[in-house]
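A.B. asks: Could you have a look at this structure, given as structure tokens, before my questions?
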């Protein structure tokens with residue numbers, strides 16, 4: 001059993017964040033330039049809308065994350081701050097808009113993600129493919145990571161991603177098997193593993209996944225999830241601290257200590273991952289450009 005955590009005593013208690021979760025405000029010339037561009041042209045990035053703690057660091061390295069297919073999700077995951085409900089009509093101009101944003105911001109490495117669109121027959125996979133194509137046309141030097149939904153495991157939809165060949169394809173497990181139904185009620189642990197394995201088996205050179213800690217998982221469950229990901233051929237894993245977006249979301253059960261994150265990094269590397277990003281403030285796209293190597 002994992003005891004290297006700082007417990008939160010009750011479901012309703014919201015304790016102050018430990019010192020290792022406090023971050024400095026982003027600064028620097030490159031960050032300021034990009035911040036001004038985003039504000040001037042009303043560019044939409046997850047970095048800003050999600051108030052990512054790593055925004056300044058990533059932008060300074062020329063990396064940013066964009067969300068497509070609207071901002072309303074058909075799923076209601078207990079950890080996620082994205083709105084849920086009836087999504088907007090598909091904007092077929094969105095691929096060009098995202099590509100232009102990347103060009104304006106002079107992004108070297110772009111991460112693209114999306115809400116789940118279970119309301120669409122193709123689950124959004126056509127817009128996904130068109131977005132990658134548009135980015136390639138307008139930004140031929142920019143490398144790409146696509147952080148995709150599970151597309152309900154539909155291989156034809158996953159094939160559309162494979163056909164446009166992003167440098168990295170990521171799909172997040174989010175949590176351990178025991179907690180999957182509670183944390184990702186419309187998702188399935190084994191289906192997510194199958195998606196990752198299918199990507200690797202069908203030509204994606206670099207696959208990636210991420211998990212959050214602090215939802216009540218035990219150390220042995222985290223290690224088993226890492227083993228499952230390696231068995232599926234995953235190359236890169238990110239491990240970070242879950243933070244409750246609002247009182248309506250799942251509570252934080254534990255604040256994981258820096259020493260425990262370092263332990264998981266060591267275990268992950270021993271299991272054979274090419275890269276393991278493991279610390280409290282790590283998010284899916286943290287140090288994303290490094291994962292090309």
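Positions of Cβ are set from backbone N, Cα and C atoms, glycine also.
Pasting the feature list from Swiss-Prot:
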type    : residues        : note
BINDING : 47, 52, 58, 285 : [4Fe-4S] cluster 1 binding site
DOMAIN  : 59-274          : domain 'Radical SAM core'
BINDING : 73, 77, 80      : [4Fe-4S] cluster 2 binding site
A.B. asks: What is the separation, in Å, between the Cα atoms of residue 77 ([4Fe-4S] cluster 2 binding site) and residue 52 ([4Fe-4S] cluster 1 binding site)?
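C.D. replies: Cα-Cα distance, residue 77 ([4Fe-4S] cluster 2 binding site) to residue 52 ([4Fe-4S] cluster 1 binding site): 19 Å.
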A.B. asks: Does anything in the same chain, at least 6 positions from residue 52 ([4Fe-4S] cluster 1 binding site), have a Cβ under 8 Å from its Cβ, and if so what?
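C.D. replies: When sequence neighbours closer than 6 are ignored, residue 52 ([4Fe-4S] cluster 1 binding site) has 46, 58, 65, 283 within Cβ distance under 8 Å.
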A.B. asks: Let me spell it out: for each of the binding-site residues (58, 77, 80), count the other Cβ atoms within 10 Å of that residue's Cβ, using every protein chain shown. Which one has the most?
C.D. replies: 58
A.B. asks: May I ask for the distance between residue 47 ([4Fe-4S] cluster 1 binding site) and residue 80 ([4Fe-4S] cluster 2 binding site), taken between their Cα atoms and rounded to an integer number of Å?
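C.D. replies: Spelling it out, the Cα of residue 47 ([4Fe-4S] cluster 1 binding site) and the Cα of residue 80 ([4Fe-4S] cluster 2 binding site) are 15 Å apart.
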A.B. asks: For [4Fe-4S] cluster 2, what surrounds 73, 77, 80 with a Cβ no more than 8 Å from their Cβ centroid?
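C.D. replies: Residues close to the [4Fe-4S] cluster 2 site, other than 73, 77, 80: 75, 76, 79, 81, 82, 84, 115, 116, 184.
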A.B. asks: Could you state the whole-number distance in Å separating the C-alpha atoms of residue 80 ([4Fe-4S] cluster 2 binding site) and residue 285 ([4Fe-4S] cluster 1 binding site)?
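C.D. replies: Spelling it out, the Cα of residue 80 ([4Fe-4S] cluster 2 binding site) and the Cα of residue 285 ([4Fe-4S] cluster 1 binding site) are 16 Å apart.
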A.B. asks: Give me the count of other Cβ atoms within 10 A of the Cβ belonging to residue 73 ([4Fe-4S] cluster 2 binding site).
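C.D. replies: Here the count is 21.
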A.B. asks: Going by DSSP, give the three-state secondary structure for residue 47 ([4Fe-4S] cluster 1 binding site).
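C.D. replies: Where residue 47 ([4Fe-4S] cluster 1 binding site) sits, the three-state DSSP reduction gives helix.
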A.B. asks: Could you round the CA separation between residue 285 ([4Fe-4S] cluster 1 binding site) and residue 73 ([4Fe-4S] cluster 2 binding site) to a whole angstrom and send it over?
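C.D. replies: On Cα coordinates alone, these residues lie 20 Å apart.
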A.B. asks: Using DSSP and collapsing to three states, where does residue 58 ([4Fe-4S] cluster 1 binding site) fall: helix, strand or coil?
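C.D. replies: DSSP call for residue 58 ([4Fe-4S] cluster 1 binding site): helix.
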A.B. asks: Would you identify the secondary structure of residue 52 ([4Fe-4S] cluster 1 binding site) according to DSSP, in three states?
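C.D. replies: It is coil.
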